[in-house]
Amino acid sequence: MALIMLSLALFHLLSSVSATPPVRQNQSCNSVDNGYHCFTHISHLWGQYSPYFSLEHESAISLDVPSDCEITFAQALSRHGSRYPTETKTAAYAKLINAVKANATSFTGKYAFLQGYHYTLGADDLTTFGEAQMIDSGAKFYRRYKTLAKSITPFIRASGSDRVVVSADKFIEGFQSAKLGDGNLKGDAAIINVIVPEGVGFNNTLDSSTCTDFENNKTGSVIKSNFMALMTPPICKRFEAELPGVSLTGQEVIYLMDMCSFDTVAITTDGSELSPFCGLFSDEEWVQYDYLQSLAKYYGHGAGNPLGPAQGIGFANELIARLTQSPVKDDTSTNRTLDSNPATFPLDTKLYADFSHDNDMISIFFAMGLYNGTAPLSKTSVQSITEMDGYAASWAVPFGARAYFETMQCKNESEPLVRVLINDRVIPLHGCEVDRLGRCRLDDWVSGLSFARSGGNWKSCFAG
């Protein structure tokens, strides 16, 4: 525990976090360019439950396209927007809150709201806030790639869950609105061209679920539970002292912390009111929470799980096919029926947008080696995002997260250069000769994706 507290102390010296935030903002909390920018002292520490926020000011490399270059290709990979809790979680949250209300003998101070709180959150679907996020995302994609988008209709795929499909629809709404507002009416209106079914028996690179040994692997859950056992006892003790009659488990503490984000993105359409659940925890505890979520993603779906990156191989190979305009070569999670048909997997356009989930995006990023600079995360002490070389769940896969894979043709260059942006942060590429702007030549980058091109360790999915 001492290690945790030491790391946190160092983190706070660097981050200058405010301790007394307002609970309501009178300004707009969302913008097309910057995403969510209210209550940032904690809203950027909600792990994968953070609403998208731009990392442009965290990027060591400018997002601007150099004056001697022009964008020639762009692929967006997006998570769905902010949603209600999953069906299982929403039942667990409601049960916990009802138990707290039934067992507490007094409600004072910051806990007073609990006495009259009624759980009304839905399950699985996007919130109104989440829909607005995706409209903004579509507008931003149009603005950034206007030189292509003004005359090219993007090819769009969505994984089959309702929240992902609605996210794609709202993205299109924002894209078309921005295009119309810009006076560009060329080409057909964008539509969802392919909805890829989810579930057992379907190959789907946007929701991989066919790797048997991975689906049965509990590495991420075990490591998360172990860290919770270090993190939550002081919080449990405080709740027992300040909310008499209530005794919480470590998992229940995390559930109450989850409610901070889910309630905030549900109670207003723009996130301008901070949920009272947020005030039950200290700034230090939010740093711990964010690290907990990053830890779970890293050891559940990233490099910390031997089969984590393998779940992203299929999409990586689809991207290679699009970049090189050549047939998909893959024996992992790709759907051969869809990917072999030009109507459902064309190779001749320059704009693509795919819509997925956080876990799958983590696997895809690691399959491509985008976080190869991140050393194995400590399982016992909090590390700063700097120490994790820019990796964090809140930075990689917040609600409405988007990665842009772009190529640009520059003067004095014989072939296109590839660049990757994750939530507006330029990710210097690995496995190829990278320049000062984080770019590699296309052929070099594709050659460097040897893990994906070789099929990685996918065969271990069925080792039994």
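Cβ coordinates come from backbone N, Cα and C, glycine included.
TrEMBL lists 1-19 with the feature signal peptide. Look at TrEMBL and you will find CYS29-CYS38, CYS69-CYS410, CYS211-CYS461, CYS260-CYS278, CYS432-CYS440 tagged as disulfide bond. What TrEMBL lists as active site, nucleophile is HIS80. Among the features that TrEMBL reports, active site, proton donor is placed at ASP358.
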Mapped DSSP class for CYS260 (disulfide bond), helix or strand or coil: helix
Between CYS260 (disulfide bond) and CYS461 (disulfide bond): CA-CA distance (Å): 36
Spatial neighbour of CYS211 (disulfide bond) that is closest, considering only the disulfide-bonded residues CYS29, CYS38, CYS260, CYS432, CYS440 and their CA atoms: CYS432
Rounded Cα separation (Å) that holds between CYS260 (disulfide bond) and CYS38 (disulfide bond): 14
Pairwise Cα distance for CYS278 (disulfide bond)/ASP358 (active site, proton donor) [Å, integer]: 23
Distance from CYS440 (disulfide bond) back to HIS80 (active site, nucleophile), taken between C-alpha atoms, in Å: 29
Largest tally of Cβ atoms lying within 10 Å of a Cβ, found at which of the disulfide-bonded residues CYS410, CYS440: CYS440
Candidates CYS38, CYS69, CYS260: member of the disulfide-bonded residues with the richest Cβ shell (10 Å): CYS260
Shortest C-alpha distance to CYS38 (disulfide bond) - which of the recorded positions CYS69, ASP358, CYS410, CYS432, CYS440: ASP358
Rounded Cα-Cα span from CYS29 (disulfide bond) to CYS410 (disulfide bond), Å: 37
Shortest C-alpha distance to CYS69 (disulfide bond) - which of the recorded positions CYS29, ASP358, CYS432, CYS440: CYS440
CB contacts for ASP358 (active site, proton donor) [other CB atoms within 10 A, all chains]: 21
